[in-house]
Amino acid sequence: FCFLHGFDAEEDLVGNLASMSTNERIKAIQKMPETMRKKREIRNKVLKEITKKSRHRGARTSCCMQCLQGAAVSFRRFGNTLSEYFHQLWVWHKTLKIIGAEFGTSVLSYFVFLKWLLNFNIFSFLINFSFITIPQFLAAEPNNLSFTGLELFTGAGYFQQTVLYYGFYTNATISKMENGASYNMQLAYIFTVGVYFVICFLILLFSMAKFFSRNFINPQAFSVNASKLLCTWDFNITNEKAVKLKQKNLCTQIKEGLTEVNKEVLNFSAMERVFRIAVHLLAWVVSLGTAAAACTGVYFLSINNLKLFMKEHRNDLESQTAMLVLPVIVSLLNTLIPFFFSWLGHLERFQTPGQHIYVTITRNIILKMSIVGILCYYWLNIVAASDSQCWETLVGQDIYRLVLVDFIFCLLGSLFGEFLRRIIGTTVCKSLGLPEFDIGRNLLDLIYAQTLTWIGILFSPLLPGIQMIAFFIVFFVKKVSLMRNCQPPCKIWRTAQMMTSFIFLLFCPSFLGVLSVIGVTVWRLKPSEECGPFRGLPSMYAAVTEWIQILESYTASKWVVWIYHNLITSELFFFIISSFVLIVIYLYWQIIQGRKTMTELLRKQINN
């Protein structure tokens, strides 16, 4: 009786699957708690049942229909094969797996963030190149300056008369035909930059939400239980190297989880606590004093550097080479002081590696963002008020040099900072051993470089392309340096929330600070009279105001004028939007708190 009952149940299952669509049937078979052999048997029976029904109904498919079905199947197979090949073409896919298996999620999070920034700059470059640079090629005048090669380091000379800088772009309306469509370069420039920053804001916001949901809200993402050991193996892996890599990766994940579970809480006496607090306070005073001294030096150096450039060698290439002094000093400070901060962190003896990394990151971001703030003040208040014919191009050259020299110092840091440390630790002083990968210092180098790129987009539209190449090289240089010179962390620990923290630091203070700089430049500063798409206007935003005034005379464009006056320039509209956003944030926060409470109750029930 049981046998007949089981046979009838299987027949019903086959009949139900045969009546489903192809996608539904595939998903239903995949979700069955059966072995792969059993699933194949069920699939074959379903296909036979479908064939039997089609023959029984006498529905003979025409020759044309068979050709279409065959072409559809071939196209689907070709698409799957193509996607697999493209998946293999991403050279960092295997690299990330190896890094995660050898060094754990803490080091892996740095390379994932670097890859994320690389994709971000590819997107930025495509937008600027498509809507700003390509139209300028149509109206570009020939460059009469000679190329000497020194321009690759100074960003001046020949590059001044190219699409690399703001000053080269025209303020005219580009039209190749007399009665054809025209392209307003002023509007294209400001709208491309504006829409780009809106897209960046949304991408950063949704990325933070996604990683927050993955790492904070979902407790299964970082829970350690028997399922990690029993249910995570992929039985489709047959390659010996892939099997060993998967074993290492799984072993590292289990170690990280056990470290979290077996975390020891150290109990200190009252004197020990007072001593530790005093050490922490002293370290913070020293680190903040160092950052303040570095910012003061950068400020006076930048002022003297501008005087040298403006007075003695107004258009000489040697003077522009002398302008490399500022980026070299800034990069030296940004390279050497973080090593000092890391040394301070070792003296403080934090209880966990996570505390050490987060404190080091905080000190480094105070240093780097303070230096960037001093430079922005110098550009917007001193360079913009100077006698330069095109102060926007001068700012673009400064940022180009800073990005380039920072990239060179990043490569030299991997060579002399990690390679020499390995030589010393393995030959001269073997007690030191191999160095560990400094996540905090390397992470802030990325955020600093991306901040410069965002500031420079308005003055050098192709800067994301340069940063894209730099990040691509840095990825593989850091990977080689990590594999050859560094050892895995001595204390293995889990970094479930680290990627969320990285993007939050990129959003605040980096991105929000850049928005304030761009806002001051667009709304308050007067553009140069002799260069750039906004020459002759009281401000860059005046181009939008003049465009709206022109649209008011056209009946078909009244809706654009209404949106501008009643939405974009209306304080009430933004007040309502802000209130709505705050209400939604509060509701979602309450939902999160409710889910956390429910999670705790469910865990107690499981324990019971």
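Heads up, the Cβ atoms here are built off N, Cα and C, so glycines get one too.
According to TrEMBL, the protein carries these features:
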- 116-138: transmembrane segment (TRANSMEM)
- 158-175: transmembrane segment (TRANSMEM)
- 187-209: transmembrane segment (TRANSMEM)
- 277-301: transmembrane segment (TRANSMEM)
- 322-345: transmembrane segment (TRANSMEM)
- 365-386: transmembrane segment (TRANSMEM)
- 390-496: domain 'TMC' (DOMAIN)
- 398-416: transmembrane segment (TRANSMEM)
- 452-477: transmembrane segment (TRANSMEM)
- 498-523: transmembrane segment (TRANSMEM)
- 572-589: transmembrane segment (TRANSMEM)
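Taking Cβ pairs closer than 8 Å, the transmembrane segment (498-523) reaches residues 105-106, 109, 112-113, 116, 190, 193, 197, 200-201, 204-205, 207-208, 211-212, 215-216, 358, 361, 365, 369, 372-373, 376, 380, 443, 447, 450-451, 454-455, 458, 539-541 in its own chain, all 6 or more past its ends.
Between the transmembrane segment (116-138) and the listed ranges 158-175, 187-209, 277-301, 365-386, the one holding the most Cβ pairs under 8 Å is 187-209. In the predicted model, residues of the domain 'TMC' (390-496) average a pLDDT of 85.
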